[in-house]
Amino acid sequence: MTEGAIPGQDRHVPLGPANFVSLGVLGRGSSSVVHRAKSTTFDDVVALKVWQRSLTEDEHIRFRQECSLHRRLSGHPNIVRFLWADAPADGSAWIATELCDESLDNRLHRCPPLSREDAFELAEDVLSGLAEIHRQGHIHRDIKPGNILLRQGRAVLCDMGIAKPVDRHTLNAPAGSPGYLAPELGRGRQPDTRSDVYSAAVTLYGIFGENPPDGVERLLTRATSSEPADRPADASAFLDRLQAARATYTASAAAETAPRPAERGNRRAKQTEVGPSATAPLTKPRERRPGDSSPPRSVRRALMTLAVIAAAAGSTAFLESRLGNHNAGAGASTKSPTIHAGSAAHSGSPVPSTTRKATTPASSATATVTSQLQSLYASKCMTVLGPSSDTGTGVQLWDCINVPEERWVLTGDGHIKGFADKCLEVRGPRAAGGTPVQLWSCADTPAQRWSLTSDSRLVGYKGMCLDVRGPATANGTPIQMQTCSGVPQQAWRFF
Ligand SMILES: Nc1ncnc2c1ncn2[C@@H]1O[C@H](COP(=O)(O)OP(=O)(O)OP(=O)(O)O)[C@@H](O)[C@H]1O
């Protein structure tokens, strides 16, 4: 055994057959330091991970398993290349791998955001690498941006430290990283390929940013289902679906660039997607005119929805009152009467924040049948921005004038159903700067489940609250999901 000197904090660490000289520290893990190091034997520069304390007997076994698995996976283009390793009894364990440029985590925190094309490439890389691990009968158990490296623009998986054979049932405490850990693991279930799928999907949300393309969004929602059976079975199935979503996206992007007939004058401008991390832009100001009501077909549809809800609630009187109200003139500024099958706390004027109680979900058994959804803060109504689109339709606040685009129903099963029978959904994972909402085909996903609390909060995906994002402007006021904080911007009512 040769003794090699690594300058810096880890002065004299014993090395294996190859000697290395540290050229600097690349990063630190919980129990190791990763050096950019030069092999004095082969003259190449590698990433050298050196453990800072000696391994226990168990850790020693795991280290050998990690190296053995890593070596087998190493030929795959999306797994970081394994070079050499050792865990001498009298010194620190170490692993040398190919040197990469940076971690995906770093890249996602830098500007500019990834282009759509790069996002698809990296997402496919991540799933290809993970599919190889699954194909070899293992699970990774710690997929996250910090464990994905970039090498010449491509993503490679690293850190097989807690990878395990799929059929091994000796796993006790859930391993992995908070935020990326599949929810069933917290409930004591054993990890399997679907828990890796969950972590990979959360990672992909980060790659695609706040505004993922249509099919990708749906796929990621599915892959982060709380029920593992609803997710793609493994990374290979996930990859197949991502590739299909990419093909659809590419085809529709090509169609988008083709010239289109001008939109009808009285419709609002459609949202344009600008980039993976870009916030949905505001539409052009829409003109409010008495004649700006929706086509009769939309009205009939909206009423049919209400009819179904009313029937479910056993309230024909309700339906009659709604029909009566509609016939009085959709598009007029007359407000509908307040009709609640639920709590009276949902109606009336803004609730002063000092009198607000702690957030408690309203009874989910309550079929709250409603009309407009008003922000108590801005005294404006939530409205749909443009024609219903399969790529998601934006929503924002606007003057309450009771057009079909402004009518919403909080259904008994927790959906907020609106224009064109679509549902309000949260558009991505929780983000520090706020998470957008949009209208989407109704599906039984957590991103579409809402509850109106007794203190007028609309609580949705991951316990976030629907929030007004800024002061009302001539272009409408954006809304988004934020951490529930009890601010007046988070108070809503259906009326
Ligand atoms: N092959 C490599 N090429 C370039 N940088 C690397 C390489 N391997 C690791 N790094 C850098 O070193 C950092 C630490 O890596 P390491 O795998 O030890 O830690 P970790 O995964 O963050 O933590 P832990 O090992 O506790 O889970 C990484 O975040 C990355 O920035």
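Glycine is no exception: its Cβ is also placed from the backbone N, Cα and C atoms.
The annotation domain 'Protein kinase' is assigned in TrEMBL to 20-263.
Summarising the annotation, TrEMBL assigns ATP binding site to Lys49. Counted within 10 Å of its Cβ, the other Cβ atoms near Lys49 (ATP binding site) come to 25, all protein chains included.
If you look up TrEMBL, you'll see 174-193 (among others) marked as region 'Disordered'.
Per TrEMBL, region 'Disordered' is recorded for 250-297 (among others).
DSSP places the residues of the compositional bias 'Low complexity' (250-260) in helix, strand and coil in these numbers: 8 helix, 0 strand, 3 coil. Look at TrEMBL and you will find 250-260 (among others) tagged as compositional bias 'Low complexity'.
Taken from TrEMBL, the feature region 'Disordered' applies to 328-366 (among others).
Feature annotation from TrEMBL assigns compositional bias 'Low complexity' to 353-366 (among others).
Secondary structure at Lys49 (ATP binding site), as computed by DSSP, is strand.
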